[in-house]
Number of protein chains: 2
Amino acid sequence: MALKTLGAKAAAALDQELMSSSAFSLDQLMELAGLSVSQAIFRLQPPQKGRRILVACGPGNNGGDGLVAARHLFYYGYQPTIFYPKRGKNELYQRLAKQLEDLNIPFVDDFQTAAESTDHIVDAIFGFSFSGEVREPFPAVIRALEQTKLPVTSVDAPSSWDIESGPPKAGLGSAFMPTALVSLTAPKPLVKHFHGRHFVGGRFVSPAIAEKYKFEVPKYEGVDQVVEISAGNQRL
Amino acid sequence: MALKTLGAKAAAALDQELMSSSAFSLDQLMELAGLSVSQAIFRLQPPQKGRRILVACGPGNNGGDGLVAARHLFYYGYQPTIFYPKRGKNELYQRLAKQLEDLNIPFVDDFQTAAESTDHIVDAIFGFSFSGEVREPFPAVIRALEQTKLPVTSVDAPSSWDIESGPPKAGLGSAFMPTALVSLTAPKPLVKHFHGRHFVGGRFVSPAIAEKYKFEVPKYEGVDQVVEISAGNQRL
C-alpha cells in the first residue's frame, strides 16, 4: 500500500486551517517545524561527524523553517552558516534572521564558496507552494546541489521538484537527489520519486485534522519532534 | 559557590529584552518554555508510570507555559486534564486553550476532585511575576498542593512562594514543597529553599544575554530542551 501523501493544494489548506480554526500562529508552527528539521539534522549529521551546516533559505515559509532550524542547531553545538539572498518581507522572517544575527551566525552571499567549507547542506529554498520556474539567484544553487558530494537535507521538498510529479524530466534539478528529506506534517506526492532517508516532522497535527485530510500521523517516539519513516511504516 | 540566580526584576527585564531587541515573539518563547516543561515531565513521570497529568494554570504567562506543556504531553501519549479557572484575556492564551480543546483535552472546574484521579500534578499557577497574596480561587489549590501525596512539578516557581525569599514563613504555602521544579531561562533566588529535582529549560538564551544578566547557561545534552541540574553543575 502506498504512503499517504498530501498534495500542494491540500497542504496549503491544512496550513490555513491550522492558523484559523485551530488557532495556531505562524510563529508557533514555524518554531515547531524548524525544531523538527534540526532534530533530523542531529540524527543525520551528529556533531562529532562535522559541525558546519550551510543552510540555504528561500524567500518564503520554507526559508523560515530553515532559519529556525539553524538557531536550534547553534544551541546543539553546530556552526551554522546562512545563505539567504532573497529575504522575505514578512516581519516574522526578519525577526528569525535577527535571532541568528544575535548569535553571530554568519550570513554569506556566495553559496558555492560557502559549500566548499561545510559538512552538510540544508535545502530550505522552496517548499510545497513551489511551482514552475526556479528564479534567480537560485538556479546556480540548484546546480551546486546537483553536483555536490556533501550530504544534503531538503525541507519538505527537494527544491526545484514539482510537488506532485517530482523532479523535472530534464534540465535544472533533474539530477538533484538529496540525501535526506524532512516532510512537514505529511509527505507530499513527490516522495514517490525520492530515494534516501525520509523523516516526518511537525508533531502538532491533531487526530481530527489528520482524519479530515486523510493521512496518518506517524508514530513518534518519546519526546521526539521527528520520526524516520522506514519501509515498514510507509506500508509499501 | 552558589548557583547563580535571576531575581524577579531581572527576569522581567530579560523577558522584555528577548521580545524587543532579541526579536522573539511571546508565541515562540512560550512554545519553547512549555516544550521544555513537557520534556521534564516525561523524565519525571515516564508514561508507563501513569499517564494522567493534571495541569493547574494561572491567569498569566506561567499558565500559558502550562497550556503549551499539556499539548506536547498529549502528543507524547499522556492524558492531560486542565484546571484553568481564571482564563487570561490575552488572545495568545485563548488560542493555546483552543488548541487543547481541539484535542478533546478536558477542562475541569474542581481541582480537588480532579486531583483524586491523576498521577502527577503540574503547578503552572504563578511564575516570577507573583508577589503578595494568593487570590481566589487559588488558596484552596495551594492547600491541596501542600497536602497531596502525588508528585507535583512547579513551573519556574512553586506557586505562593516569594521569588526572592521563598516559601511563606507561616500560613498558606508554607508547607508546599513540590517534587520537582523547572526553572525557565535561569533559576530564581527561591531555589535556595527548594529541595527536590531541579531542571532548567528555555534553550534560547544567547551567550550575550546570559553574560549581560550574569548567569550561566547550563550544558544541555543533544537536542534536549531541558537539563537536570545536579549538585555538580550547581557548583555548590
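Glycine residues also receive a Cβ, built from the backbone N, Cα and C atoms like all the rest.
Unlike curated records, TrEMBL annotations are generated automatically.
Going through A:Ser22, A:Ser25, A:Ser159, A:Ser160 against TrEMBL, the one listed in the K(+) site together with A:Asn62, A:Asp123 turns out to be A:Ser159. TrEMBL names A:Asn61, A:Asn62, A:Gly63, A:Gly64, A:Asp65, A:Gly127, A:Phe128, A:Ser129, A:Phe130, A:Ser131, A:Gly132, A:Glu133 for binding (6S)-NADPHX. Of A:Asp109, A:Asp110, A:Asp156, the residue it gives for the same site is A:Asp156. Averaged across the domain 'YjeF N-terminal' (A:11-217), the predicted model reaches a pLDDT of 97. A separation of roughly 10 Å, to the nearest angstrom, links the Cα atoms of A:Asp65 ((6S)-NADPHX binding site) and A:Asp123 (K(+) binding site).
Excluding A:Asn62, A:Asp123, A:Ser159, which define the K(+) site, the same chain contributes A:Ala56, A:Gly58, A:Gly63, A:Gly66, A:Ala124, A:Ile125, A:Phe126, A:Gly127, A:Ser154, A:Val155, A:Asp156, A:Ala157, A:Pro158 within 8 Å (Cβ to the Cβ centroid), listed in sequence order.
You'll find the Cα of A:Phe130 ((6S)-NADPHX binding site) roughly 13 Å from the Cα of A:Asp123 (K(+) binding site). If you take the C-beta of A:Ser159 (K(+) binding site) and look for same-chain residues 6 or more apart in sequence within under 8 angstroms, you find A:Ala56, A:Gly58, A:Asn62, A:Asp123, A:Ile125, A:Phe126, A:Phe130, A:Val134, A:Phe138, A:Val141, A:Ile142, A:Leu145, A:Gly173, A:Phe176.
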